[in-house]
Ligand code: G4P
Ligand code: NA
Ligand code: NA
């Protein structure tokens with residue numbers, strides 16, 4: 001998506017460890033107009049999949065997921081990383097390891113917010129090693145619902161999440177796909193690949 005690639009070129013910076021910092025429009029400050037356009041693009045890409053609900057993980061997945069849900073007229077559920085104060089046992093839970101932060105997070109979703117016949121679209125800000133997506137797939141499996149797509153704002157195609165989603169046979173769309181961050185340069189992958 002050209003609008004997003006241009007924004008990454010303008011405002012993104014590459015940090016050591018192959019990390020792309022985009023905190024002025026996505027991960028800290030959030031650009032609502034850009035998020036609105038990303039939502040419209042997700043709708044265009046997934047509108048034939050019969051999506052009934054969007055699933056993401058707090059916190060940075062929420063903005064793009066919300067805009068996709070707004071455009072597609074479906075509810076958005078974010079998995080929580082911290083236990084809610086209102087204790088309940090009616091949760092689906094999965095353990096997610098973050099390579100960047102080297103910590104485990106248990107993500108959970110209240111069983112009331114996934115329904116047996118749901119067709120789930122997973123949305124996230126980044127697809128890197130795919131641990132967050134894997135956790136959401138685990139929850140979908142436990143809930144016995146179909147995952148009809150994974151949409152990410154930015155994928156780092158050189159990390160293993162991209163292949164993990166394809167190997168699961170799931171329709172994957174990345175609005176910007178990064179082939180490499182070598183030498184502090186952002187190189188986009190050909191979107192047709
Ligand atoms: P994974 O979910 O694909 O496995 O990602 P990984 O464990 O490698 O990364 C953990 C966190 O770091 C995730 O956010 C992920 O979105 C983010 N991340 C990974 N690569 C990059 C990058 O190049 N740039 C930025 N800005 N973030 C990256 P999180 O822990 O879920 O945090 P948040 O959603 O609360 O922000
Ligand atoms: Na994230
Ligand atoms: Na993040």
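Cβ coordinates come from backbone N, Cα and C, glycine included.
All TrEMBL annotations are machine predictions without curation.
Straight from TrEMBL, the features:
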BINDING   20, 27, 156  xanthine binding site
DOMAIN    48-160  domain 'Phosphoribosyltransferase'
BINDING   128, 129, 130, 131, 132  5-phospho-alpha-D-ribose 1-diphosphate binding site
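For the binding-site residues given as 20, 128, 132, the lowest number of other CB atoms within 10 Å of the residue's CB is seen at 20. Counting other C-beta atoms within 10 Å of each candidate's C-beta, the binding-site residues 27, 129, 131 are led by 131. Between the CA atoms of residue 156 (xanthine binding site) and residue 132 (5-phospho-alpha-D-ribose 1-diphosphate binding site) there is a gap of 14 Å. Looking at residue 131 (5-phospho-alpha-D-ribose 1-diphosphate binding site) and residue 20 (xanthine binding site), their Cα atoms lie 17 Å from each other. Taking the mean position of the Cβ atoms of 20, 27, 156 as the xanthine site, the remaining same-chain residues with a Cβ inside 8 Å of that point are 12, 19, 21, 22, 125, 126, 128, 154, 178.
Around the Cβ of residue 156 (xanthine binding site), the number of neighbouring Cβ atoms within 10 Å comes to 24. Residue counts of the domain 'Phosphoribosyltransferase' (48-160) by helix, strand and coil are 26 helix, 46 strand, 41 coil (DSSP-based). Long-range Cβ proximity for residue 130 (5-phospho-alpha-D-ribose 1-diphosphate binding site), meaning a same-chain Cβ under 8 A and a gap of 6 or more residues, is found for 159, 160, 161, 162, 164, 165. In the three-state DSSP classification, residue 27 (xanthine binding site) falls within coil.
Apart from 128, 129, 130, 131, 132, the residues listed for 5-phospho-alpha-D-ribose 1-diphosphate, the same chain places the Cβ atoms of 96, 98, 99, 126, 127, 133, 134, 159, 160, 161, 164 within 8 Å of the centroid of those Cβ atoms. On a Cα basis, residue 27 (xanthine binding site) lies 15 Å away from residue 128 (5-phospho-alpha-D-ribose 1-diphosphate binding site). Separating the Cα atoms of residue 20 (xanthine binding site) and residue 132 (5-phospho-alpha-D-ribose 1-diphosphate binding site) is a whole-number distance of 17 Å. Between the CA atoms of residue 129 (5-phospho-alpha-D-ribose 1-diphosphate binding site) and residue 27 (xanthine binding site) there is a gap of 18 Å, rounded to the nearest whole number.
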